[in-house]
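Worksheet: the structure to be examined is printed underneath.
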Amino acid sequence: MGFVLWGFLTNFFTYETTKSVVVKSWSVGIINRIVQLLIITYFVGWVFIHEKAYQSSDTNIESSVMTKVKGFGYLQNQNQNENYQNRVMDVADYVSPPQGSGMFCIITKLIVTENQFQGRCTEVSTHSSACFSQCFLPLLSYAPGVITGACLKNSSESHGMCEMQGWCPAENDAIKIEPMDVNTFTIFIKNSIRFPLFNVTRGNFPPTMTANQIRNCKYHPEDNPLCPIFRVGDVLNYTGQNVTELLSRGGEIGINIQWECNLDLNIEKCIPKYSFTRLDAPFAKNAVSKGYNFRFAKYFKTENGTEFRTLHKAFAIRFDVMVTGKAGKFNTIPTMINLVAAFSSIGLGAVLCDIILLNFLKGAAQYKAKKFEEVLLFMAQQHVLYKSHHYQQHK
Amino acid sequence: MGFVLWGFLTNFFTYETTKSVVVKSWSVGIINRIVQLLIITYFVGWVFIHEKAYQSSDTNIESSVMTKVKGFGYLQNQNQNENYQNRVMDVADYVSPPQGSGMFCIITKLIVTENQFQGRCTEVSTHSSACFSQCFLPLLSYAPGVITGACLKNSSESHGMCEMQGWCPAENDAIKIEPMDVNTFTIFIKNSIRFPLFNVTRGNFPPTMTANQIRNCKYHPEDNPLCPIFRVGDVLNYTGQNVTELLSRGGEIGINIQWECNLDLNIEKCIPKYSFTRLDAPFAKNAVSKGYNFRFAKYFKTENGTEFRTLHKAFAIRFDVMVTGKAGKFNTIPTMINLVAAFSSIGLGAVLCDIILLNFLKGAAQYKAKKFEEVLLFMAQQHVLYKSHHYQQHK
Amino acid sequence: MGFVLWGFLTNFFTYETTKSVVVKSWSVGIINRIVQLLIITYFVGWVFIHEKAYQSSDTNIESSVMTKVKGFGYLQNQNQNENYQNRVMDVADYVSPPQGSGMFCIITKLIVTENQFQGRCTEVSTHSSACFSQCFLPLLSYAPGVITGACLKNSSESHGMCEMQGWCPAENDAIKIEPMDVNTFTIFIKNSIRFPLFNVTRGNFPPTMTANQIRNCKYHPEDNPLCPIFRVGDVLNYTGQNVTELLSRGGEIGINIQWECNLDLNIEKCIPKYSFTRLDAPFAKNAVSKGYNFRFAKYFKTENGTEFRTLHKAFAIRFDVMVTGKAGKFNTIPTMINLVAAFSSIGLGAVLCDIILLNFLKGAAQYKAKKFEEVLLFMAQQHVLYKSHHYQQHK
């Protein structure tokens, strides 16, 4: 019994290692070391230092954005109506929605159609449609109401216009108006983020900034990259687009906040980087739906209780604050996997050397004999060949 | 000195490789090659070709969505009030919020409570609550105002109704109305995305599409998979839900835009795929909170300046445009890690062959003798055993 | 021909394995096994069991949130105007935006400026600015309108006030009012998620919950962790912030829904975990922009058609429902990579043993002779040395 256990223990506590052949040759030795050097350089320089393969990363950022716009503008209007003549617009008028979330619009131009009541009227003849041919089409897509099929003719006109049912009078959006100047407006952005994997929380401006510093700064990519206050005119310029056209037709601007954090370094270096793009750039070549606009209505009631509305076609610049981020921190698992890959790759370098040794070197045959020992077990010839082989080896 | 350096150099430029035993045996040879073939097939077919393990991937998509709804509907209403009788609703009336973001609601049914003033009145007795028992409960959750505790009795009624304070008269939402037909409405979706890791920007319709093509197309999964205009009726049908119920109770529909991009191929093949789901599907079995509705108010003022409001309980179909994506591109690090894993796995295949060779084959003992060379260093028996072992081996 | 093929086949179906040296030594054997044990423990315990490295994971969660607030509050107001005296506020009044998305504000305090008309008036002198020095600055940032540069003096005052153009009278936001008590309000959250990689869809409350159970429960982290109804007072308390200050100045609260799903287990265990944080916490040390407020206006018309508005400065608690998640499921590729890393690491353990064997053990020389076989191919000395080496070995 004790003997069996002893046998088991001596068998268990053994150490098995590969038997090596050491080749002392200048050419192979140098090739071997150069290959190893290249592999090590690649791993140290690229994989570990540049690509930071020793870190696990979290791109699943959690973000909350609060925005606040400031500024006043003069709204030009097509109407002679005193209501909209050179009106001073403030934040409550031109920012929509008002809650200050990451997506907000600054209205630059308003086509206002006042005093619309439900009823029947002619559509505005921007398309100069002859009644007889088109008024029977159901739901003309460009019509501002349901086409009834009837044709309304003025005594002076020869072809008349389609009658529509809906909010009357119809909007006439073919009017040209100058957009409001929004260049001097400022946007304040408060962004707090968290990397859930590492439980790291950061804000987009440092806690050491005083209230006064924040209020009086303006963002500048080099001079003031951490100031959270952006001049609208600057933002539009940074996108490299035609600002006049943007203001006039509307557009979608992306304010990108990028967090690239190496959590192995000082957390204070985990700061945001802003970039500005025109979001509808991929559609630049398409003629359709250039710009950005939307319609909304304000509802009123007459004394006798009938509802009427003012329709607004608002051309706006929509700002989307988009937060992306990536945090990396040392983690044993990717480190180990990449270390193993590194060591194994060095091993694979030996394959190259073997090929050279076995085929292209003077001592190839002799090296082959040293490296390989044959055991012949092919059934048919087994006995004989093995003998002869054995014999040759020990000869 | 020169001699030491020479010694160092000859030691440094050596090449060390493992000594191998080559077994020439049909059975083990065939097993070895089959195992290798299986491992190579798995790696080439599954890991590299199917799972594209040679790519690094970016799922952290950056997306901006712009939507625009078109169409007119007739709103049915419970009131005899002329204001809401067969009213034609346009986009400014039924889309909320109006800004055309990725989340928007199309209102299908409105329960309107006009001319609400702050004051005291009876709650609507949809719950036929007897005054004496329930009017003293604070904040009855279903009440449309604060329950004062008082009981208001009509002469004709025996039990009366609770008095409430708030906006009066109270809303009666137990009314049945037909929903508006929104099937013919269309949704235009403009989606531009970016994969920040690879800095690739794409739009959801090709720049070669002309304005006319876009305006006149309708999305169809097979015939027109890239058209960005969706018929609401089609979208509802694609979800496989009961459309009548959806329109009547409201619901949440997810319009999923999936970007699956292989950036090693032509960038033109990086196109979106749309799918449509009912988002509250996980709650289908729960009886609570079926459908989707929200309340909003329009505020008015009487001549003498008292504010009153019209309360709207809006049943709506909420559309959430959700963009997900994954881009893959060749990268050396995952390629190398998987190659190393592949080569190492082939090496592990040898373990199986070794087990067969060492245990189940005719020449096992002979193979064992060839593969293993023993060095005995156990302290107690070291000297003697080593000698005998040495002797046996060289016998 | 047949012979060549036969030769090729016998060469192809061979099996090559490394020749091993088995060292029977207590010290090295024990060290070897201990090193192996440590490596195996690390891989099994940390890499596979704790870090679940056998799973591929999806953090790219797709989520849709629906919220509904319930409750009534009494709004205190600065005005003697009957409109706002002890007004009962309901959901349509205090929730903004009304659509019930993942981001919504509960208004706790309203500074109301009624009957604003476009015109010219003095700004409210909260800054007691002397006309002569500041009225000529363009666009004073704190002014509620465009400063015209004129100075308006009352007969009684010595320095007067700047004249501004815009909505008059100007807002005076320096008034102190008590916030509305929102603690008893409740928030119902419906969250449905999908992990696109695994196509798993889940809802934030179990389908077995009856309508009655859901209506009557209140969320509690331990007693009722799956109830989707949250008391606002509780949520504010969970953040650990000063609730009185939050209500009075407004704030941003994050309601975090975390999905941590192991899809190898029963899918029923894939449930959400809620946590509550104050989102502007990273800015706690900054004096600027504490709290949360926004401005919006209601528009009215006089009988003769002039538009006027009521400006609201709303202090609100903004709730951001943020959904994060991670799902893991067994996948062959990470399993294989980590297994290979594990086996390779065990192999690397041998390096340590080799160092001990070759340098610190009694039998080192003898072990060295066994492990290494030399082939000398250095050009200069090649012939002679090889001979002598050969001779020594076979001596």
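Placement of Cβ uses the backbone N, Cα and C atoms for every residue, glycine included.
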Candidate from C:Thr186, C:Thr201 that TrEMBL assigns to the same ATP site as C:Lys68, C:Val69, C:Lys70, C:Asn293, C:Phe294, C:Arg295, C:Lys313: C:Thr186
Partner cysteine of C:Cys121 (disulphide bond, per TrEMBL) from C:Cys151, C:Cys162, C:Cys168, C:Cys217: C:Cys168
TrEMBL annotation, disulfide partner among C:Cys217, C:Cys261 for C:Cys227: C:Cys217
TrEMBL annotation, disulfide partner among C:Cys261, C:Cys353 for C:Cys270: C:Cys261
Cross-chain proximity of recorded positions to A (CB under 8 Å), evaluated over C:Cys151, C:Cys217, C:Cys227, C:Cys270, C:Phe294, C:Arg295: C:Phe294, C:Arg295
Residues near C:Cys227 (disulfide bond) in space but at least six apart in sequence (CB under 8 A): C:Phe205, C:Ile214, C:Cys217, C:Lys218, C:Tyr219, C:His220
Pairwise Cα distance maximum in Å, ATP-binding residues per record: C:Lys68, C:Val69, C:Lys70, C:Thr186, C:Asn293, C:Phe294, C:Arg295, C:Lys313: 25
Between C:Cys121 (disulfide bond) and C:Asn293 (ATP binding site): CA-CA distance (Å): 25
For C:Cys261 (disulfide bond), the one of C:Lys68, C:Lys70, C:Arg295, C:Lys313 that lies nearest, given that the binding-site residues are compared by Cα: C:Lys68
Rounded inter-Cα distance in Å - C:Cys121 (disulfide bond), C:Val69 (ATP binding site): 40
Using Cα positions only, nearest of the recorded positions to C:Cys162 (disulfide bond) (C:Lys70, C:Cys151, C:Cys168, C:Thr186, C:Cys270): C:Cys151
Those recorded positions, out of C:Val69, C:Cys168, C:Phe294, C:Arg295, C:Lys313, that come within 10 angstroms of C:Cys151 (disulfide bond) at the Cα: none
Listed in sequence order, residues with CB under 8 A of C:Phe294 (ATP binding site) and six or more positions away: C:Cys105, C:Lys313, C:Ala314, C:Ala316
Least surrounded among the binding-site residues, given as C:Lys68, C:Lys70, when other CB atoms within 10 Å are counted: C:Lys70
Binding-site residues compared (C:Thr186, C:Asn293) - the one with the fewest other Cβ atoms within 10 Å: C:Thr186
Proximal to chain B - recorded positions among C:Lys70, C:Cys121, C:Cys151, C:Cys270, C:Lys313, CB under 8 Å: C:Lys70
